[in-house]
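J.: My questions all concern the structure below.
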Amino acid sequence: MQVHDIRHAIAIDYDPVEGFVYWTDDEVRAIRRSYIDGSNATILVNMDINHPDGIAVDWVARNLYWTDTGTDRIEVTRLNGTSRKILISEDLEEPRAIVLDPVNGFMYWTDWGQHPKIERANLDGTARVVLLNSSLGWPNGLAIDYTAGKLYWGDAKTDKIEVINVDGSNRQTLLEDKLPHIFGFTLLGEYIYWTDWQSRSIERIHKATAVREIIIDQLPDLMGLKATKVTETNGRICRFLNSG
């Protein structure tokens with residue numbers, strides 16, 4: 001995807017309904033969107049935004065959620081940038097990754113502050129609960145498996161990829177070897193994909209077998225990552241959207 005004037009894109013997500021890609025740009029302090037071919041690029045939010053780190057599309061209710069480590073808030077707008085609302089603004093130190101479960105009405109996010117944790121709340125910000133707050137360092141990446149009811153994350157300090165049930169139970173380690181600095185994190189099918197700052201690579205691991213492979217390496221400035229299936233005239237293809 002080629003878009004003019006991207007400065008420092010951090011997080012990225014995709015709306016399968018209308019085909020827009022949404023991303024945060026830390027340097028210009030804005031949230032933007034365009035079609036997957038880079039056309040129709042638009043700034044959605046650029047006021048009272050400091051360090052937008054995570055972003056997530058609710059493709060059912062047509063809302064856009066994001067975390068901001070500068071304002072220490074989780075906010076939401078409609079997908080066109082209207083009806084902006086602050087959902088959570090207390091007890092957030094460094095909110096980072098955010099994922100949604102629109103069908104069941106939940107959002108999940110990571111916080112890599114002094115007391116790192118993974119939390120859950122309703123999509124309106126109510127019923128907030130801490131799922132995990134032990135043995136975490138810098139939980140940068142987060143992905144949800146809706147079918148299996150699993151929540152995966154990558155930690156750039158403990159150098160692990162781990163998984164829990166969406167209720168916070170049954171914690172397990174999937175990978176803990178040679179993970180210099182995980183950042184972007186996404187799930188598609190049976191695989192988890194991630195970007196690594198230090199190895200400058202995109203890698204993946206099979207959820208069940210834990211078989212790991214490098215997709216591509218020697219890529220500079222890798223940040224967020226979204227793996228998705230896009231319908232085209234010649235069938236279904238997998239695309240990787242990198243916000244670096």
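Note: Cβ is positioned from N, Cα and C throughout, glycine not excepted.
Annotation comment: TrEMBL describes 19-61, 62-104, 105-148, 149-191 as repeat 'LDL-receptor class B'.
On this model, are these features tucked inside or out on the surface, and what's nearby?
T.: Each residue in the repeat 'LDL-receptor class B' (19-61) gets a DSSP state, and the totals come to 0 helix, 23 strand, 20 coil.
Assigned with DSSP, the residues of the repeat 'LDL-receptor class B' (62-104) fall into helix, strand and coil as follows: 0 helix, 23 strand, 20 coil.
When Cβ-Cβ distances below 8 Å are used as the criterion, the repeat 'LDL-receptor class B' (105-148) is approached by residues 54, 56, 58, 61, 63, 65, 67, 74, 87-88, 92-99, 154-158, 164, 166-168, 171, 182-187, 192, 194, 207 of the same chain, each at least six residues removed from its ends.
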